[in-house]
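**Student:** This structure is in structure tokens; I'll ask about it shortly.
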Amino acid sequence: MTLADLKRGQQGIIKDVSSIHIPLKLLEMGCLPGNLVELVQVAPFADPMYLNINGSHLAIRKETAIHILIETVDEQAD
Amino acid sequence: MSKQINVALIGNPNTGKTSVFNALTGLNQKVGNYPGITVEKKEGICKLPRGVKAHIIDLPGTYSLNASSLDENVVIELLLNKNDKDFPDVAVVISDVENLKRNLLLFTQIKDLEIPTILVINMSDRMAYKGISLDIEYLERKLQTKIALISTRKNKGIDDLKELITNYKDLSTTPCLNASSIDKNYFDNLRKAFPNQLLYKLWLVITQDVNFGKTNRKTIDDVSSFKTKSKTDLKRLQQKETIKRYQFINDTLKKGQTIDLASAKDLRIKLDRILTHKVWGYLIFGVILLTIFQAIYDWSSVPMDFIDSAFASLSEWTKSTLPDGAFTDLLAEGIIAGLGGIVIFIPQIAFLFLFIAILEESGYMSRVVFLMDRIMRRFGLSGKSVVPLISGTACAIPAIMATRNIESWKERLITILVTPFTTCSARLPVYLIIISLVIPEGRFLGLSYQALTLMLLYLIGFGAAVGSAYILNKVLKIRSKTFFVVEMPNYKLPLFKNVALTVIEKTKAFVFGAGKIILAISIVLWFLASYGPGEQFNNAERIVTEQYANVNLNEEELSQKIASHKLEHSFIGVTGRAIEPVIRPLGYDWKIGIAIVSSFAAREVFVGTLATIYSVGSDEEETIKNRMAGEVNPILGGPLFNFASGISLLLFYAFAMQCMSTLAIVKKETNSWKWPMYQLVIMSGFAYLVALIAFQILK
Amino acid sequence: MNAIIQYILAFSALTIALVYLFKTFVWWPKKRTNKSCGNDDCGCH
């Protein structure tokens, strides 16, 4: 699954960020494999997405989020 | 003269870098531009212990040395160019204690350039609150640097930092990461090709496809013969580099930093739940916007009235005190009036930047970007276009400069192109006087027709901006990777010092940037209005006196007649009459034509020009208004400013591109004459068309 | 005499204004460091 599939409040572990559609800047801000990501908030239409990646808070568009592969940590979102 | 130490402040955005700069330099700072580009260059002088002085540059905030914007490019350009006069003897990397991990990425990159580097950990006052503790000694050893733990908010640790800067020669220049560990083969080849160059520096030059200064461009060209990797491969290597750096940082922080989550408190979650809420978020933003508009137009009216009358009396005083002559006239009617036209906008601009600085300092602006991005994107804009569009209601010039942090060139260009449609404060005096002339008094649902018209004009401005953005988005064929990454910083109480310095600096930038142009144009306009070709102008006195020989006029009335006759035949009058056929279908006469032409200095000049043309001795608006109301349309008869021509003028001013200073700034920001010319032709053409249709229908 | 000085001052002001406007709008005194940014996203990759 990808980051775009996360629901609000759900967490995941980043698996792969090698897609060329992911800007380097995002990696530099901590979006790297193995890191924990939480979807903090979404704007209307679930875009952009407000994330907490390993303590780094940032917002990205859905078009970028679909390229970030993740694995969920807890299946039941709270 | 003692030697100055060159210090560069570098850091991620939102780390309080500017606060550190302000703490070090106080008011000893100046803001300029980097040569050829409009990126702000902030520098200042700091007195260090033992009589040493430091020259401090506050470099634009960046997350890494891989530039993704013009602002960030400046950082690399300086750090790679040893011959630059500002090349730092010591780099001071500012980090925020809550985001140490991310901030250290940039630190390791700068360290690898083998520049002596000091690490500043700012906002140390929040450590306890966040349950963070640091082993400074261990971190200093592992990162091979000196660390200053400071808090600009509590004014702690600044002296330690000064001490470290003074002793910069003791700093180690050992790199943190061995660059060749990214790809051994590739880097070995690089080393063979350029044995005398620093590997990491070469790597940066290769991976940046941005422009560099002369020295480095040559290096790129040299390296290009050696380019064995495709762009995608290079990007993979950059990813690998980033991962390696984070591994090093994680290892370092594992021992050097402990976070006790149990004692951490978070205001962010609570505030974000409301401020980024699907309903409340927009509602709160709306209320904030209304407050800003209220402030700009209501609160600033008192100082503006004061400035208006102060300059009027200054002009009057100059005329009566100085000896008569051309220069005195120029001083009174051209220069002082021109200066007044600039100074009068200072209150509005100061208020606007006060609010924007507070919103940005507090961290709220990022939430607005988050809320608005999706909506703005439908029109080819970015969430980050919101700030320029709001700023545009004061003045398009700072607004266009505020587009710089939009990463996508296409979105940025569209924002630059449409911003001049927003109703800037220079349109306001024009709107107000015309509305008071042609819109009847009376109320609709408790709101006066005049206020409603003004509101409608604002909506038209925003509508035109958004609508043309939509069209531009479809029309412009610009291949542009759009990516959008916005940091959502912690909420902070804005520091008074930072806010005040921003307001002063932005206001100064307006006064000395746009102000110079407006002043120069006022001087030229004065000449064009005060001198003219041929008989009619030179012998105006005789001609008018003869003309009114049989009419009983007192001296004042006669001199007014002479003045307006002179103006009619001055250079500007001749121009106005030459363009009269073009503007007659819009319902204007040559006098309005002149006012429109002179509005290219700044729109508000319209009112002043009409005042001059109608040779109104006093500067009371009431008198100008009555004069305007009394003007008769030379062809159709009836009042010149009637409902039809008034609406036509309002619409013309709403759409036309009439500000030379804005065109100059667009030229600077897009680095081409193409875009400002498009703006001028398309906006003004559209304005003409709309005004024409409006007049022909309504007349 | 006074009038002449006034004329000289006034016209020097005009000259300064014209030179300034010319420099700002027509001829760029600072060296160009960037190529035209019209068609690609230079600096914004």
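Placed from the backbone N, Cα and C atoms, the Cβ positions cover glycine too.
Because TrEMBL annotations are produced automatically, they should be read as predictions rather than curated entries.
Per TrEMBL, the features are:
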DOMAIN    B:4-171  domain 'FeoB-type G'
TRANSMEM  B:279-297  transmembrane segment
TRANSMEM  B:335-359  transmembrane segment
TRANSMEM  B:413-439  transmembrane segment
TRANSMEM  B:451-472  transmembrane segment
TRANSMEM  B:509-529  transmembrane segment
TRANSMEM  B:592-616  transmembrane segment
TRANSMEM  B:636-656  transmembrane segment
TRANSMEM  B:677-698  transmembrane segment
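For each feature listed, report its degree of burial, its nearest neighbours and the pertinent distances within the displayed model.
**Tutor:** Away from its own ends, the transmembrane segment (B:279-297) comes close to residues 348, 351-352, 355, 359, 364, 367-368, 371-372, 390, 393-394, 425, 428 of its chain (Cβ-Cβ under 8 Å, at least six residues beyond either end).
Sequence-distant contacts of the transmembrane segment (B:335-359) (same chain, six or more residues past either end, CB-CB distance under 8 Å): 288, 291-292, 295-297, 299-300, 303-304, 307-308, 311-312, 314-315, 318, 365, 368, 387, 390-391, 393-395, 398, 425-426, 494, 498-499, 502-503, 506-507, 510-511, 514-515, 518-519, 521-523, 526, 601-602, 604-605, 608.
Remote same-chain partners of the transmembrane segment (B:413-439), defined as residues 6 or more beyond its termini with a Cβ less than 8 Å from a stretch Cβ, comprise 296-297, 345, 348-349, 380-382, 385, 388-389, 392-396, 399-400, 403, 406, 449-450, 453-454, 457-458, 461-462, 464-466, 468-469, 472-473, 476, 478, 599, 602-604, 606-607, 621, 624-625, 628-629, 641-643, 645-647, 649-650, 653-655, 657, 659, 662, 666, 669-670, 675, 678-679, 683.
Outside the transmembrane segment (B:451-472) by six or more residues, the chain places 378-381, 389, 392-393, 414-415, 417-419, 421-423, 427, 431-432, 435, 439, 444, 650-651, 654-655 with a CB less than 8 A from a CB of the stretch.
Sequence-distant contacts of the transmembrane segment (B:636-656), counting only residues of its own chain at least 6 positions beyond either end whose CB sits under 8 Å from a CB of the stretch, comprise 421, 423, 427, 430-431, 434-435, 437-439, 453, 457, 460-461, 464, 586-589, 592, 596, 599, 603, 606, 628-630, 683-684, 686-688, 690-692, 694-695, 698-699.
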**Student:** Sequence-remote contacts (6 or more beyond its ends) of the transmembrane segment (B:509-529), Cβ cut-off under 8 Å?
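**Tutor:** Hits for the transmembrane segment (B:509-529): 31, 329-330, 333-335, 337-339, 341-343, 345-346, 349, 395, 397-398, 567, 570-573, 575, 598, 600-602, 605, 609, 612, 660-661, 664-665.
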